Amino acid sequence: MLDSLKQKWVYGSGLAFIGLAALFLYFEVLWFLALPVALVIVYLALFRLHWLMLLIVFVTPISITIDNVGGGFGLTLPTDPLMFGAMLVFLFKVFYDHRYDMRIVRHPISIAIFINLIWMFLTSITSELPLVSFKFLISRLWFVVTFYFIAVQMFRYRDLLIKYFWMYIIPMTFVIIYTMSRQYVRAFDEKAAHWVMSPFFNDHTSYGALIAMFIPLLFNFMFDEKFKIDAKIVSGFFFFIFLIGLIMSYTRAAWVSVVAAIFLAIFIKLRIRWWVLSLLGVTLVALFFSFQSTILQELEQNRQDSSGNLAEHVQSITNVATDASNLERINRWKSAFRMFAEDPVMGKGPGTYAFLYAPYQHSSDLTIISTNFGDLGTAHSEYFGPLAEQGVMGMLTFLLIVFMLYHTGIPLYYKLKHKRDRAILMSVILGLTTYLTHGILNNFLDTDKASVPFWGFLAVIVVMDLYCEKNEPETEKTN
């Protein structure tokens, strides 16, 4: 009897929806057709939040940005509304249930993030464009809340952590194959490589940066002790696709970032002490300033522009004389420093660089790709952008996050008891290193594609620190 009633209810509901859909379609009210999808998403947010999180990760590489949805603001679909909704549901649950592990909140990485967000809020109040700055702040909040604070709870379950990685890797592989197929019909022309990843990525720099972030993880998966041989072979296939995609992205900064990650891996494996690295860094900086004139003269003699020839393209990395991309980056940096000099404490306001930098360009710095419309990127640096927009504390609070990541992550690598935990931790540290190295030359943390792995990888480090089994203190090896 009960089963019969349920069956009648299902059939009745289905027929009612079909009838209503036909009626709304007749009157051209098309939004009604999206109602079932919206109801499913609401259900996931309320009762299966981890499923919604994995869905967001999966659609992130294939999300599409609409530059102007009104009021001069852009929107990335479908990720922005999904993340915003997930953030609201999570915050409601936390304040209603009062169930959240406070160790996460008190973790040094979390504290560094809070300090950064608080300063961003203060500089939004003093911003020259408050509407832009608060929109920027809100978008940063839904990135951080969703893929850091929710993710830390979610990643306590190892199967969900591994699924998180693959939910990004699989659609990203589709984007790489799509991009390379478009490159193939254009004979892998270097100029075409700048835009063929559209509409999924705006240009080749962000595309290359995100590929580079997952190279260490895929390399690790090829040797994962918990993976069967067929899973290792599949991981090797994905690693090969990502490696070819990285090479053919013609993204020089991404290439350099992978090299930097390899060097860091060697330093960690060899247990080279931090004071040795610090001394090496200070020595290199001192040598640069001692021979600054000679070095700059040598760099200015490099006339190799960006090229379809990979060897020539690598050589063009240090061309600061004629390469338009390098010169434009220097132009943006100089503009950022001039903006900082005018407002060194509070900056111009988060997210305002693209709208305000044009008057700070000098005619002698302009290149063939310079623009006054802020439509070709921002400050081209994760460090100089906050410096211009949020003052000196803006850059320092971001550097604090970077410092806490390494200060927590690298010592933790030596403490973790299980080999697989250490391998995953090493992979995310190296993945973050590729991004932070690339971040000297470009900035993408205002996009969903970079924020999902960046904040997610930070969450992995916190999970490893709080919840993974460690060696007893007396048996730990010191760095």
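The backbone N, Cα and C atoms fix where each Cβ goes, glycine too.
For 15-42 (among others), the entry in TrEMBL reads transmembrane segment.
Summarising the annotation, TrEMBL assigns transmembrane segment to 72-92 (among others). Packing against the transmembrane segment (72-92) from elsewhere in the chain are residues 41-42, 45-46, 49, 52-53, 55-56, 59-60, 63-66, 135, 138-139, 141-143, 145-147, 149-150, 447-448, 452: each is 6 or more residues past its ends and has a CB under 8 Å from a CB in it.
Annotation source TrEMBL lists transmembrane segment at 104-122 (among others).
Annotation comment: TrEMBL describes 134-152 (among others) as transmembrane segment. Through the fold, the transmembrane segment (134-152) approaches residues 49, 53, 56, 73, 80, 83-84, 86-87, 90-91, 101, 104, 110, 113, 117, 120-121, 124, 127, 164, 350-351, 445-446, 448, 451-452, 455-456, 458-459, 462-463, 466 of its own chain, all at least 6 residues removed from its boundaries and within a Cβ separation under 8 Å.
Residues annotated as transmembrane segment in TrEMBL: 164-185 (among others).
According to TrEMBL, the feature transmembrane segment maps to 205-222 (among others). Residues 61, 165, 168-169, 172, 175-176, 179, 197, 231-232, 235-236, 238-239, 242-243, 245-246, 249-251, 253-255, 257-258, 261, 265, 423-424, 426-428, 430-432, 434-435, 438, 442, 444, 447, 449-450, 453-454, 457 of the same chain, all 6+ positions outside the transmembrane segment (205-222), place their C-beta atoms under 8 angstroms from a C-beta of that stretch.
The annotation transmembrane segment is assigned in TrEMBL to 229-247 (among others).
What TrEMBL records for 237-399 is domain 'O-antigen ligase-related'.
For the transmembrane segment (253-270), the list of distant contacts is 205, 208-209, 211-212, 215-216, 246-247, 277, 314, 317, 410, 413, 426, 429-431, 433-435, 437-438, 440-442: same-chain residues at least six beyond its ends, Cβ to Cβ under 8 Å. Summarising the annotation, TrEMBL assigns transmembrane segment to 253-270 (among others).
What TrEMBL lists as transmembrane segment is 277-296 (among others).
Non-local neighbours of the transmembrane segment (392-414) in the same chain are 107-109, 111-113, 115-116, 119-120, 123, 268, 271, 340, 344-345, 347, 350, 382-384, 386, 422, 425-426, 428-429, 432, 436, 458, 461-462, 464-465, 476-479; each lies 6+ residues outside the stretch with a CB under 8 Å from one of its CB atoms. As annotated by TrEMBL, transmembrane segment applies to 392-414 (among others).
Look at TrEMBL and you will find 423-444 (among others) tagged as transmembrane segment.
According to TrEMBL, the feature transmembrane segment maps to 450-468 (among others). Proximity of distant same-chain residues to the transmembrane segment (450-468), defined by a Cβ-Cβ separation under 8 Å and at least 6 residues beyond the stretch ends, is recorded for 56-57, 60, 79, 101, 103-104, 107, 109-110, 113, 143-144, 146-149, 151-152, 155-156, 161, 164, 168, 206, 209-210, 213-214, 401, 405, 408-409, 412, 416-418, 421, 424-425, 428-429, 431-432, 435, 444.
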